[in-house]
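Residues or ranges marked as transmembrane segment in Swiss-Prot (evidence: similarity to another entry): 33-53, 77-98, 113-133, 178-198, 226-246, 288-308, 320-340, 347-367. Per Swiss-Prot, the feature heme b b562 binding site maps to His83, His182; the stated evidence is similarity to another entry. Under the heading heme b b566 binding site, Swiss-Prot lists His97, His196, citing similarity to another entry as support. Residues or ranges marked as ubiquinone binding site by Swiss-Prot: His201.
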Amino acid sequence: MTNIRKTHPLIKIINHSFIDLPAPSNISAWWNFGSLLGICLIIQILTGLFLAMHYTSDTMTAFSSVTHICRDVNYGWLIRYMHANGASMFFICLFLHVGRGLYYGSYTYFETWNIGVILLFAVMATAFMGYVLPWGQMSFWGATVITNLLSAIPYIGTTLVEWIWGGFSVDKATLTRFFAFHFILPFIITALVMVHLLFLHETGSNNPSGLISDSDKIPFHPYYTIKDILGVLLLILVLMILVLFSPDLLGDPDNYTPANPLNTPPHIKPEWYFLFAYAILRSIPNKLGGVLALVLSILILMLFPILHMSKQRSMMFRPLSQCVFWILVADLFTLTWIGGQPVEYPFIIIGQLASILYFMIILLILPAISLFENKLLKW
């Protein structure tokens, strides 16, 4: 009799995805981040569900309800800080996952890559709306500033912003709808993750060499299950160190002050994982131009398959492209730093130069270096 795991309609899907899946024999630790993102998503949905049981999405009580969760609910402080810092871990894994895809040329799987970019947008939207929910000063002013950017859209901008707000400013209606969207989006993300995996399993995984690995495959279980478990343990270790020792390390002290529309904080800035995009937004003096640059800074990822000029898929054997890649990483660190600084000299000019370099590397330098490396292959 055949094993139930290979015959049962539901179990065989799991079997083909996580047990008998043929995987390349040489994928490194950089391939762990997919499973880590899955774990992050599960942690966020579970902690978020328990937070939603005690949270109230009303401007009068939202801040107090979060305080109540931390003070009065059993282990409420733990759930709240796991959720807040879980978001940071989520983005660390996301950035490393995308970086891996860029370095090893995984973007040549068009559908998988494009759904991944859509997922990135969805996670960013979810995180933004989640940041508004505690209704602290930075929640309120962050929501005001970011939603206000849509008013830069010609003709329909102002109407659109008021429609999103549900009034003439960020208020009760805004908070209620943000809570509703923040609750539903992770489930949409989960569905998209399944589609992401569906397309990935159509082609099979890429590997560090960028070469076809059909002739050398190993079963996912036990080799990569045990490897993923190690990654998960390390992820949970880092998350719990963050939560239990310095839960407010990545947060903003301003968010411990209840939202006050009459008092603007001296420096309005988003969470650390949005700072690079925020720096790009601020580096353009024109409102519409800034908004376009902000959207394009993420949307540009969709152009990578088109801009791939090299005859090799991975950067493993392309030292010049490697140098440019790491300059891009350094540039993103610079943008993240600038995004958290006040708008004054010399930060303005550094931000503008870093923003120009970001788009230059992706649109011009990397493709040009790739073409040059193709020439070197013939020497």
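Cβ atoms are placed via backbone N, Cα and C, with glycine included.
Taking the Cα atom of each, His97 (heme b b566 binding site) and His182 (heme b b562 binding site) are about 23 angstrom apart. Same-chain residues lying 6+ beyond the ends of the transmembrane segment (226-246) with a Cβ under 8 Å from its Cβ atoms: 29, 32-33, 35-36, 39-40, 43, 78, 81-82, 85-86, 88-89, 93. Of all the binding-site residues listed here (His83, His97, His196, His201), the one with the fewest other CB atoms within 10 A of its own CB is His201. Among residues of the same chain six or more beyond the transmembrane segment (288-308), those with a C-beta under 8 A of the stretch's C-beta atoms are 98, 102, 105, 107-108, 110, 113-114, 117, 120-121, 124, 149-150, 152-154, 276-278, 280-282, 355, 358-359, 362-363, 366-367, 370. Each residue contributes its Cα atom, and for His196 (heme b b566 binding site) and His182 (heme b b562 binding site) those atoms are 21 Å apart.
Remote same-chain partners of the transmembrane segment (347-367), defined as residues 6 or more beyond its termini with a Cβ less than 8 Å from a stretch Cβ, comprise 279-280, 282-284, 293, 296-297, 300, 303-304, 307-309, 321, 324-325, 327-328, 331-332, 334-335, 338-339, 341. For the pair formed by the residue listed as 'ubiquinone binding site' and His83 (heme b b562 binding site), distance between Cα atoms is given as 30 Å, rounded to the nearest Å.
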